[in-house]
């Protein structure tokens, strides 16, 4: 169910107007010390108590939106049947379920109606989390080449990550806010005033100046957190007492403290010495690398983990689970963006522990990325962490190329973990590796860069850059496969307490009409007609985006109603047994976008065997996408078709003839 109902990755925040959101600048009470990133005068969780609750949409609106999304995917006969089933649901059992969901929500004001079901969806999913769940986001290289040495960058990022941890736990991290009118709200005056507004009212104070605080409830699971495999439903374990870092190299596991017993960050020169010790260690790769087990089917991994515990590995596993995070040091450089994507999304499996809340992966040439487990949180929290770590490690690096390691005995400070494996566990690791290799070898990745224009030009044309990107995917799929297909775009609902994501459904009657005109018969339409169609697409996509960000999509509402029926042991309502319902949730095009100065590239695998996983970004003067597929689709041809589609759109906008 998880693969049918969610994109692999929810990597973005959508604003609720067309204004460009501005990330909160750090106004601190002075932060020259090396322990913290900043010392915000507004406490980190100041707005959390007063965040608005995620609304449950009106039931009739959900049904209407669902049918609008189905219209471009169905012929008249199919649509009539689906429409009737939807209306029957609206006037029958669905109405009762909706009323019960509303009542349940009123009794649980501390959270959102989607939070529990969403955790269930992720944690009950039994497929491997590799490819099916974990995405990656790679860091932009340090602008100074000499700082991209693996040892220097790993040390600096580790220190910056610990500064983030300490800043957050001390309440000094700037609250996450998006400013729609920065001149009014992104100011020291605003901060000085808002910090004195009681936390039960603070959100309203921000709202009055068009500033939107975001939910930060996921942040505590960034560190010391691991997904633990259990039969039928996994658990999230967070142990904030852990002061050590987990480092993987050549499939070997090492731990050393990065926070001392007084709660201070261990000296950067000592961290450097310990990492140098690990990089110099000539211990061979284990014959049976344990990390492969985290790529197993979850029920099988749960059984194997219990076997590990029974074989006296409890202490070693506890070290892995409670580590602040996982640092994977790979012994090779990155060749190109496709190699980067494969390595950061899955790698060889040898040097990974996919269950950690996040891992920083760093190759020999200093190329770095975050691979994160998705059940605990979404891209908003991870991106904030990535932005802060990139900024701090490049602007305030703890060590430089001239720095010397501390004269400490790292052989005593660094512990290499040993695991006792019996024959059945060795066989299980071999089996897991075989399955892992088969899965990842089936994945293809292709990248595309369109250099003829981007956000700036599209804005001069009064067009939404995201709408145009999504239209190019619709056109590309039509050009390649001759039809319109189910499309998913993830959208954060972090503007609400315990919000997660909502779905934007970019395939519409407008994109279908426009795609068919541009791809199949552009000569039948005047340039003015084609431009008018582009504006129709942009306007409707903007409406869908605004609705989704405000919790007014249809996907999560229908999902919650189905979850409620299932939890009550009721028969599955007919609407959910309708073939078009399964088809619209079989997301052939699963898409997610983000742009940040800290992020070079992001990506994820398709969520269905015959799908594409489309990570994309619209920059000032170019548009890029990083796309994955399995053998059922031709990803290289698809990215060529996307490029051709963007070419055609920009030609129309520039009054050039279509090729």
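Note: Cβ is positioned from N, Cα and C throughout, glycine not excepted.
The annotation active site, proton acceptor is assigned in Swiss-Prot to 374 on the grounds of similarity to another entry. Secondary structure at residue 374 (active site, proton acceptor), taken from DSSP and collapsed to helix, strand or coil, is coil.
Sequence-distant neighbours of residue 456 (CoA binding site) (same chain, 6+ apart, CB under 8 A from its CB) are 620, 621. Marked as CoA binding site by Swiss-Prot: 454, 455, 456, 457, 458, 459, 460, 461, 462, 463, 464, 465, 466.
Annotation comment: Swiss-Prot describes 488, 490, 501 as (R)-carnitine binding site. Counted within 10 Å of its Cβ, the other Cβ atoms near residue 488 ((R)-carnitine binding site) come to 27, all protein chains included.
Residues annotated as intramembrane segment in Swiss-Prot, with similarity to another entry given as evidence: 181-210.
Annotated topological domain 'Mitochondrial matrix' per Swiss-Prot: 28-180 (among others), in sequence order.
The annotation topological domain 'Mitochondrial matrix' is assigned in Swiss-Prot to 211-659 (among others).
According to Swiss-Prot, the transit peptide annotation covers 1-27.
Candidate binding-site residues: 460, 464, 490, 501. Fewest other C-beta atoms within 10 angstroms, 460. Counting neighbouring Cβ atoms within 10 Å of each of the recorded positions (374, 462), the lowest count belongs to 462. Among the record's CoA binders, 454, 455, 456, 457, 458, 459, 460, 461, 462, 463, 464, 465, 466, no two C-alpha atoms are more than 14 Å apart, and one pair sits at exactly that spread. Spatial neighbours are here defined as Cα atoms within 10 angstroms of one another, and by that definition residue 460 (CoA binding site) has no neighbours among the recorded positions 374, 488, 490, 501.
When averaged over the topological domain 'Mitochondrial matrix' (28-180), pLDDT in the model lands at 95. Considering only the residues assigned to (R)-carnitine binding, 488, 490, 501, the longest pairwise Cα distance works out to 12 Å. When the alpha carbons of residue 488 ((R)-carnitine binding site) and residue 466 (CoA binding site) are compared, the span between them is 13 angstrom. Taking Cα separation as the measure, residue 501 ((R)-carnitine binding site) is nearest to 374 of the recorded positions 374, 454, 462, 464, 466.
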